[in-house]
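In what follows, a single structure is set out as structure tokens and then discussed.
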């Protein structure tokens with residue numbers, strides 16, 4: 001197998017180890033120098049072959065030496081100055097090699113990971129030239145190439161591992177509004193912890209107020225502080241309600257600080273308490289939820305419909321989903337929630353999972369009815385129905401004795417060979433229970449024991465006679 005040299009050269013196919021052993025005047029050091037191309041005091045120009053039809057040896061052009069010597073299959077020009085002149089050593093520039101194929105990666109992305117060691121041609125008017133207009137980026141930092149194919153990975157996940165060097169198009173998902181320049185500066189600088197709010201009507205004795213606010217991009221819920229220090233902001237979902245259910249319902253934001261009442265006219269948490277007769281939570285169709293879905297889920301009429309979105313009205317992929325999300329499916333019909341947080345839809349089909357298990361994994365987004373009558377687990381005995389049930393502390397075969405706390409209780413057991421009832425008197429009241437067997441009569445009367453003694457005496461008299 002020919003590994004290094006070209007065909008027709010005997011010295012390229014011969015093993016140099018035989019030549020080293022044949023020359024008795026050379027030592028091991030000289031052989032090592034010969035292999036490194038340092039033989040003859042550094043005159044490596046005669047050692048390295050010139051092959052005009054082959055590509056230039058990149059290592060030789062950079063360092064001036066070649067470890068393969070005469071066995072190298074690439075070209076080693078004697079004068080490296082013209083070739084090195086084509087190598088641009090400035091930062092961010094790449095070599096120009098006239099006659100070599102054009103670096104396709106450089107033409108697409110404007111960069112080359114091999115740098116000056118790349119063996120292909122990098123024209124100045126190509127991707128890295130100054131004459132080419134730089135590629136514009138979207139607000140996420142990915143390139144916008146309108147004439148190219150869309151990046152499939154970016155359309156699914158919203159990310160791209162190639163970054164600004166990706167050759168495909170990265171459009172902004174429809175329905176998503178890019179943040180303004182001012183908002184981007186706020187996000188890059190970090191959110192303000194204590195932004196200025198409107199002045200509030202607070203007594204003069206309470207001059208030191210604690211105001212905790214969210215960034216301007218994230219709306220919060222303004223509630224009264226329980227300690228009388230003004231208003232503070234709680235995230236959505238933390239506003240207390242008189243009632244609990246395992247399904248998280250959407251909590252709309254409360255009015256702005258300027259519309260809040262004064263401290264003396266509101267409750268502790270700024271929410272009017274519900275009366276005992278009022279339901280725990282009143283829900284209704286919210287316009288903010290539909291508008292959020294319109295901005296969150298993309299509409300792609302040319303793509304198939306998202307089946308999960310059609311069933312539940314939600315999509316876990318969000319803006320990165322590649323399927324179509326029609327808005328008529330995102331606006332559910334007006335429905336009320338039960339006391340456990342599930343929708344009540346009288347005209348719809350009952351939810352089979354709720355009817356069997358009493359729960360629903362879809363929660364308020366379920367399209368079926370969750371009436372309490374459709375569930376097989378709706379029976380709940382009241383505590384009053386369990387007070388009159390008799391409790392037997394002993395097995396039924398030994399009789400049932402009514403419990404009593406009086407000290408004048410008198411219990412009489414009337415037994416015989418057959419089963420007879422037992423009468424128990426407790427404070428003038430009698431209860432009839434099951435009788436006991438003849439085994440109880442043996443314990444109650446000692447007469448059979450005396451009879452046994454008489455029989456044994458007669459037996460001894462007969463034996464002595």
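Using the three backbone atoms N, Cα and C, a Cβ is placed for every residue, glycine included.
Sequence annotations record features per position, and here Swiss-Prot assigns compositional bias 'Low complexity' to 177-191 (among others).
Here Swiss-Prot flags 283-298 (among others) as compositional bias 'Polar residues'.
The compositional bias 'Low complexity' annotation in Swiss-Prot covers 397-431 (among others).
The compositional bias 'Basic and acidic residues' feature in Swiss-Prot is assigned to 444-453.
Look at Swiss-Prot and you will find 454-465 (among others) tagged as compositional bias 'Polar residues'.
The region 'Disordered' feature in Swiss-Prot is assigned to 1-26 (among others).
Swiss-Prot lists 173-200 (among others) with the feature region 'Disordered'.
Summarising the annotation, Swiss-Prot assigns region 'Disordered' to 274-302 (among others).
What Swiss-Prot records for 397-465 (among others) is region 'Disordered'.
Residues or ranges marked as zinc finger by Swiss-Prot on the basis of sequence analysis: 51-79 (among others).
For 97-125 (among others), the entry in Swiss-Prot reads zinc finger.
Among the features that Swiss-Prot reports, zinc finger is placed at 145-173 (among others). Long-range neighbours of the zinc finger (145-173) within the same chain, counting only residues 6 or more positions beyond its ends whose Cβ lies under 8 Å from a Cβ of the stretch, are 108-111, 135, 137-139, 298, 317-322.
Confidence across the zinc finger (300-328), taken as the mean pLDDT and rounded to a whole number, stands at 83. Taken from Swiss-Prot, the feature zinc finger applies to 300-328 (among others), supported by sequence analysis.
Residues or ranges marked as zinc finger in Swiss-Prot: 345-373 (among others).
Taking H, G and I as helix, E and B as strand and the rest as coil, DSSP gives the zinc finger (51-79) the counts 9 helix, 2 strand, 18 coil. For the zinc finger (300-328), residue counts in helix, strand and coil come to 11 helix, 2 strand, 16 coil, using DSSP.
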